[in-house]
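What TrEMBL lists as domain 'PhoU' is 349-435, 455-538. Residues annotated as transmembrane segment in TrEMBL: 47-80, 101-122, 134-152, 172-198, 210-229, 241-260.
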């Protein structure tokens, strides 16, 4: 028995390794592409279902797809309504693994592994390494299946183990075991694939397999639920849609099985042959998911409304949020998805930029109007900016340890500098506020010319900041020439306005103290323009050739 159990467990371990290796390789190759096409396909619910099915079939994991969904909804790149179709489709796409396992490919598994290993050793390009991981994992998966099949074929020799399997004749126990096993391995694909082998070895009856599959469907919600634990409410609702889809599907299909199990078994057996238990399990899994999608898709809007009832928004009178938290990054989540990490970081940086901009505008208004009513608000926002600077930087260090999609890994280094630039802009806004406080204690006023110069320079700097952030968020280089011209204009303004201020001081038109405030303001605004330009330039670090071109522009 010990030899049999060792062979079974080693086969299962090899199978899980192959699944993980293949899935991660596919995610590295396809994960960043998902971001590009996501917005297009989710506008039509039916296309979203097809996309969810195809994408999940490619990466071999509905859990990975739904975790990506949660991340996109959490980052505001995908609405709850748009995510429903992908959730439904992901449940169909995950059945492809069981379909592959039901095929007789174990004989060629060693050759597949050899091909993957050769590519891994001799391939130099990143895409070649990703493909080698997929091929190697695919071969390891079937080698594990071969080992498990050999071990399972000897189980009838051990009456004690056969007695344990007899408990699976009870529908409730079969459902519970399917659920618990899926929660443990966090993959319904693995559970149903193992069930394919159990059914083929006649250890689990065809009727019991149906309940086992229903339990696996419920357990498959675990990755999305875990990913949503530290996310915002809409991300939690996305995970809830996944749970409701499978829970309600289990209730409906379970009820049908209670009254017509034998008829369902006969109908599914026709699809793959009456004596082919492997095909039966794989086809049953696919049939259940397609059936659920057909009956639930017309009620997608009702699913969204139900999740909003189950997970309501903040009630009136709740304690006001102090903002000292991450809205888009889920640092405490145990489910890290490389392909969505940079998306979350950029959204959090955009939030930080919004706070810095608010402080810049409010501080300039305080200076112009000598009104210090918003000092408390500005200081509170500055605390959030400092908090975000620290937390985002820590997360960037953490993310940098993972293997990311190539474009994302190139951008990580630049994101460190963007966070620093935004934090400095926030500091300059506080300096402006301090100047506003100094001015409120003076009887002196800016001259008409000085006030006009500050307004002109501030307007130019604010526009430069907005254009730089737009360029950073969209990752498009179209406006770089305009940004360079604006930055040069601000540099010239600093020189001209300081010279004008010296002339005003020498003529006695302007007081010394208000003149110092003016000079400090001009210098501060010019530095904000510099930091804003740095943010725009950050996107050039994705391509080494672009980075070299950037250095030439700066040198000129």
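Just so it is clear, glycine is given a Cβ too, placed from its N, Cα and C backbone atoms.
If one looks beyond the transmembrane segment (210-229) by at least 6 residues along the same chain, the residues whose Cβ comes under 8 Å of a Cβ in the stretch are 62-64, 66-67, 69-71, 74, 91, 94, 168, 171-172, 174-183, 186-188, 191-192, 195, 204, 235-236, 238-239, 242-243, 246-247, 249-250, 253-254, 257, 261, 264-265, 281, 284-285, 288-289, 330, 332-335, 337. With DSSP classes pooled into helix, strand and coil, the tally for the domain 'PhoU' (349-435) is 76 helix, 0 strand, 11 coil. If you look at the transmembrane segment (172-198), the same-chain residues 6 or more away from its ends with a CB under 8 A from one of its CBs are 12, 15-16, 19, 60-63, 94-95, 97-98, 101-102, 145, 148-149, 152, 165, 204, 208-209, 211-220, 222-223, 250, 254, 277-278, 281-282, 285.
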